[in-house]
Amino acid sequence: MLLLSMHENLHLVLAILSLTAGSAGVAIADVTIDACVAQNSISHPSLAADMQSLCAFSSSVGALLGFSISGIFVHLIGPTGVFGLMTIPAGLVILVGFLLDEPRVHNLSYRQVNQNFVDAGKAMWTAFKREDVWRPCLYMYLSLALSLNILEGMFYWYTDSKDGPSFSQESVGFIFSISSVGSLLGAILYQYALKDYAFRDLLFWTQLLYGLSGMLDLILVLRLNLKFNIPDYVFVVIVESIAQMTNRLKWMPMLVLSSKLCPSGIEGTFFALLMSIDNVGLLTSSWGGGFVLHVLKITRTQFDNIWLAILIRNILRITPICMLFLVPRVDPNSFILLPRESVDSKVDIDASETKNVELMSLVHTVDGI
């Protein structure tokens with residue numbers, strides 16, 4: 001971020017590498033905290049939903065703060081100045097690393113790193129072949145992949161002066177900041193009203209609500225809100241708030257379910273694998289959304305078929321309901337995998353040798369752990 005902020009005419013390759021490095025840093029920090037949550041979810045199953053709710057709440061507060069100040073700072077100090085400010089949260093993440101309470105590792109033996117890596121890979125593959133693991137993973141991927149991302153087309157429609165409401169880019173950023181409250185409300189609603197419901201039942205209703213809420217975008221692009229004397233700005237805030245709330249409600253049980261699928265001994269590593277699968281689903285969603293926008297010839301200035309793109313997206317959002325049989329009919333307080341269940345008799349971790357196959361460290365853990 002410092003490199004991007006100090007060089008206004010930075011070469012394109014270096015700029016891409018810098019952004020990639022920044023994204024990698026965020027991803028590593030995210031996976032690390034996810035690993036901590038997954039490990040604690042296995043040791044304290046009754047608190048799994050509470051921990052995910054806390055993470056979602058914190059993420060929503062951060063998104064609300066970021067959306068609120070991003071447009072202001074871009075206007076005041078420009079994009080390069082904003083990149084410079086991005087070094088502050090990076091420094092805070094480093095500070096969090098010092099604050100994490102971990103046991104000191106003695107007598108590091110890096111000769112075992114390669115073997116630990118192989119053992120972790122075998123354990124993950126053995127676990128992933130289990131029917132009660134791969135079936136929910138398949139559902140989570142399909143649920144994310146079939147929710148096409150057409151946000152790029154909607155953004156250009158928001159700022160179009162002919163067919164759209166002609167919002168400024170700063171106004172769009174401010175709208176997203178206000179609608180982040182919807183994500184916050186979704187996390188609170190899940191924590192206090194929905195966290196004890198069975199995964200399958202909750203996913204059915206949240207997926208259905210997620211698909212139906214997308215119809216509000218259809219009302220917006222057809223300009224039906226104006227017939228009811230609802231200003232575009234107010235209606236867009238309502239639409240985006242409901243969209244983020246329903247998306248959060250759909251995402252929360254999947255996070256809790258993911259933490260339940262992690263075998264003992266490789267919790268953090270396996271949870272990172274599950275999150276990678278989910279990220280592939282989001283990437284597939286973006287590719288699919290871009291393909292639909294391309295086929296329907298929706299560009300920065302052409303929006304004749306954007307209503308059809310929204311309709312296709314909403315129909316596909318509901319289709320994962322037909323695949324809910326892949327999700328186990330258990331509640332968040334139940335075990336899907338036993339806490340100390342061995343993922344494979346051939347991959348036996350000898351406690352006396354204090355070997356830890358956790359991919360994050362790939363080193364020996366302390367004695368007795």
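For all residues, glycine too, the Cβ spot is worked out from N, Cα and C.
Curation does not apply to TrEMBL; its annotations are automatic.
Annotation source TrEMBL lists transmembrane segment at 12-33, 54-76, 82-100, 138-159, 171-190, 202-224, 230-249, 270-294, 306-327.
With pairs at least 6 apart in sequence, the transmembrane segment (306-327) and the transmembrane segment (138-159) have 3 or more Cβ pairs within the 8 Å limit; the two touch. Here the listed stretches are 82-100, 171-190, 230-249, 306-327, and the one with the most C-beta pairs under 8 angstroms to the transmembrane segment (202-224) is 306-327.
The transmembrane segment (270-294) shares more Cβ pairs under 8 Å with 12-33 than with any other stretch in the list 12-33, 54-76, 82-100.
By the Cβ criterion (under 8 Å, sequence separation of 6 or more), the transmembrane segment (230-249) is not in contact with the transmembrane segment (306-327), since fewer than 3 such pairs are found. Panel annotation: around the transmembrane segment (171-190), residues 49, 53, 56-57, 59-61, 63-64, 66-68, 70-71, 155, 158-159, 233, 236-237, 240-249, 252-253 of the same chain, lying at least six beyond its termini, place a Cβ under 8 Å from a Cβ of the stretch. The list of residues near the transmembrane segment (54-76) in space but at least 6 beyond its ends in sequence, with Cβ under 8 angstroms from a Cβ of it, reads 33, 37, 82, 85, 169-170, 173-174, 176-177, 180-181, 183-184, 186-188, 190-191, 248, 251-252, 255.
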